[in-house]
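J.: Have a look at the structure that comes next, please.
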Amino acid sequence: MGFSSELCSPQGHGAVQQMQEAELRLLEGMRKWMAQRVKSDREYAGLLHHMSLQDGGGRGTGPYSPISQSWAEITSQTEGLSRLLRQHAEDLNSGPLSKLGLLIRERQQLRKTYSEQWQQLQQELTKTHNQDIEKLKSQYRALARDSAQARRKYQEASKDKDRDKAKDKYVRSLWKLFAHHNRYVLGVRAAQLHHHHHHQLMLPGLLQSLQDLHQEMACILKEILQEYLEISSLVQDEVVAIHLEMAAAVARIQPEAEYQGFLRQYGSTPDVPPCVTFDESLLEEGEPLEPGELQLNELTVESVQHTLTSVTDELTVATQTVLSRQEAVAQLQRELQNEEQNTHPRERVQLLAKKQVLQEALQALQVALCSQAKLQAQRELLQAKLEQLGPGEPPPVLLLQDDRHSTSSSEQEREGGRTPTLEILKSHISGIFRPKFSLPPPLQLVPEVQKPLHEQLWYHGALPRAEVAELLTHSGDFLVRESQGKQEYVLSVLWDGQPRHFIIESADNLYRLEGDGFASIPLLVDHLLRSQQPLTKKSGIVLNRAVPKDKWVLNHEDLVLGEQIGRGNFGEVFSGRLRADNTLVAVKSCRETLPPDIKAKFLQEAKILKQYSHPNIVRLIGVCTQKQPIYIVMELVQGGDFLTFLRTEGARLRMKTLLQMVGDAAAGMEYLESKCCIHRDLAARNCLVTEKNVLKISDFGMSREEADGIYAASGGLRQVPVKWTAPEALNYGRYSSESDVWSFGILLWETFSLGASPYPNLSNQQTREFVEKGGRLPCPELCPDAVFRLMEQCWAYEPGQRPSFSAIYQELQSIRKRHR
């Protein structure tokens with residue numbers, strides 16, 4: 001099979017031309033590709049050379065190490081590789097690429113020559129085989145007609161003269177016919193031979209020579225490609241040698257010995273600074289105190305007990321933190337072990353991030369263990385000191401003994417049933433240190449329409465489309481949201497009972513639906529709302545009412561934090577302002593290190609307060625839960641807590657003011673009782689006082705809402721304020737509004753003793769035993785008899801015998817009216 005036997009037809013000629021065009025396109029593609037390869041290799045070689053220059057041949061300025069030596073070898077070999085690649089690029093350009101260009105020119109010339117020769121052969125065949133023969137045949141027919149006509153005239157002639165003339169014409173016509181016949185015979189023979197030569201010799205010869213040249217060019221192209229591959233190959237001996245040198249340099253790295261040289265050069269013996277000790281010079285001008293020993297006397301016993309409770313609570317949280325972090329470390333170690341078994345050694349880099357997380361978790365565990373150890377040591381010091389005291393009374397302060405001896409016996413007898421004057425003294429001493437705090441400066445208020453989109457009440461963020469219908473209730477209700485996954489803003493409007501959604505177009509920093517553009521979406525919405533212009537001419541929809549987002553949700557950026565004003569069980573408390581309107585707020589934070597279940601308890605307070613609105617209940621403003629740390633934002637009550645207020649201002653307060661303030665507390669608790677809310681931690685320290693001496697119930701961290709008004713607690717008494725808690729709650733974990741009434745009785749006692757601590761000389765366990773035996777707190781010195789009788793009713797052992805908060809409030813109002 002070959003061109004000469006298979007491609008002689010016109011269809012074969014067309015196929016040959018298409019094949020030549022396709023091969024030329026292929027060759028042109030090869031030439032462009034090789035030219036790009038030459039360019040790329042030149043650029044690559046240049047980049048490698050530039051990298052070597054920048055790296056300085058692998059010579060760093062840091063300390064010597066095996067890795068740096070190996071890296072120097074790699075960069076040096078890379079420079080050699082760049083020179084080799086540059087030479088390869090030049091060889092490609094002068095060799096295969098140049099030859100390929102010449103081959104393309106020859107192939108183009110061959111295509112042109114073949115086309116011209118084929119056309120010439122076809123033209124000659126057509127002329128000889130068709131045109132010339134047809135012309136001879138046409139002339140033959142004409143001469144045959146002339147001869148036949150002359151013969152008829154000759155045969156029909158009768159006269160001699162006419163006959164001779166007709167004969168002469170007949171003879172001439174025969175001569176012409178016979179001569180043309182011979183020419184036709186010769187023409188037919190020539191055409192037959194031309195036909196034979198064309199189809200058997202000339203056309204096959206042309207095609208055969210074409211095939212031979214094509215095959216020769218294919219052979220040349222093969223040699224060009226072989227040369228190209230030889231030059232561009234990356235497995236040449238030179239390239240392989242370079243890479244073997246690099247591989248040897250890498251193989252010389254020994255991770256276990258990498259830093260031995262560094263340690264020999266820079267290592268030194270540990271220089272541990274001396275541990276802190278008690279500075280005895282502090283005692284030179286002060287009281288004769290024992291260095292490093294806790295002072296437990298009548299002035300400090302209360303603070304030591306409270307500190308022990310606080311440290312114990314913090315130790316509980318720290319222990320939970322340690323356990324959670326130990327579990328996290330164990331989980332990470334298990335995951336790493338499984339992944340290392342299922343990961344190829346060369347994919348170990350994928351595990352680095354998790355290994356770093358493990359190291360961070362181990363470090364965090366060490367920090368938690370350190371915190372736990374510190375708290376444990378502090379608790380042991382406090383416990384040992386209190387156990388050393390035993391059930392007896394704390395030793396007196398020497399400085400105050402003379403004052404105590406000068407007191408008359410009648411006064412001592414009276415003080416047996418009243419609050420000791422020493423307690424009032426301690427109250428005033430502690431009041432000297434009442435914390436003062438400054439507020440962050442007011443912010444310049446921005447008009448609502450100029451606030452950014454995320455601060456607009458009607459902007460709901462990435463609200464799912466399915467939830468829009470639940471928020472839009474009346475025709476014309478609208479909100480703006482972010483389209484999920486499309487980074488577009490959508491205006492959603494309820495119209496004719498159906499939610500309609502309009503994509504807000506953004507172009508050239510302008511926002512529009514139809515018509516004019518505006519510099520911001522708030523400006524666009526404000527214009528549509530004020531002008532009542534239809535959103536689109538086709539829809540005719542107009543905006544009527546903006547649907548605000550959940551009022552409790554705040555962003556961390558909505559707050560400006562001031563200084564720390566306190567500390568709770570979960571974290572610090574700060575003063576602050578809302579950026580939107582400069583509202584003063586108190587911001588309670590939750591430590592990031594707390595376990596999730598503790599954080600859930602922190603948010604319990606906000607969950608409770610969301611439902612309440614009362615002048616004597618501290619007001620919730622919002623929560624920030626989008627990121628850490630979590631905040632609960634509440635109104636800022638600038639007067640501080642009620643306990644500190646009593647200890648600092650109590651001596652200057654009128655009796656009516658004290659009655660009014662406990663009446664405020666009763667009103668707040670009456671409201672909570674109506675909502676079936678159990679506070680569980682009612683005490684003076686958990687009430688706040690405004691600048692106008694209005695009291696507000698606060699600190700709902702332990703509060704619970706129960707439909708039947710009874711809450712059964714579990715988990716022990718580690719965080720229970722024993723001296724304020726009713727017997728049934730301590731014994732059985734049964735909390736109710738009646739148990740809050742017991743705590744309110746203690747609050748009354750704190751109020752009229754001006755901030756003294758209940759059961760000052762008793763531990764928590766001793767207090768429980770004292771109450772179970774029927775013991776109760778004595779009447780404070782300044783307390784009206786009617787109020788003390790109310791206290792005693794609050795301390796009835798049986799919960800059902802205690803008054804309700806409604807009755808307590810009415811009784812306090814009555815006492816206040818009677819009091820001058």
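Note: Cβ is positioned from N, Cα and C throughout, glycine not excepted.
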J.: May I ask you to find which of Lys551, Lys588 Swiss-Prot records for the ATP site already listed with Ile565, Gly566, Arg567, Gly568, Asn569, Phe570, Gly571, Glu572, Val573?
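T.: Answer, per Swiss-Prot (ATP site with Ile565, Gly566, Arg567, Gly568, Asn569, Phe570, Gly571, Glu572, Val573), from Lys551, Lys588: Lys588.
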J.: Taking 10 A as the limit, how many CB atoms besides its own sit near the CB of Asp681 (active site, proton acceptor)?
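T.: Its Cβ has 20 other Cβ atoms within 10 Å.
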J.: What is the pLDDT of the domain 'F-BAR' (1-258) when averaged and given as a whole number?
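T.: Mean pLDDT for the domain 'F-BAR' (1-258): 84.
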J.: Can you give me the Cα-Cα distance between Ser65 (phosphoserine) and Asp681 (active site, proton acceptor) in Å, rounded to a whole number?
T.: 64
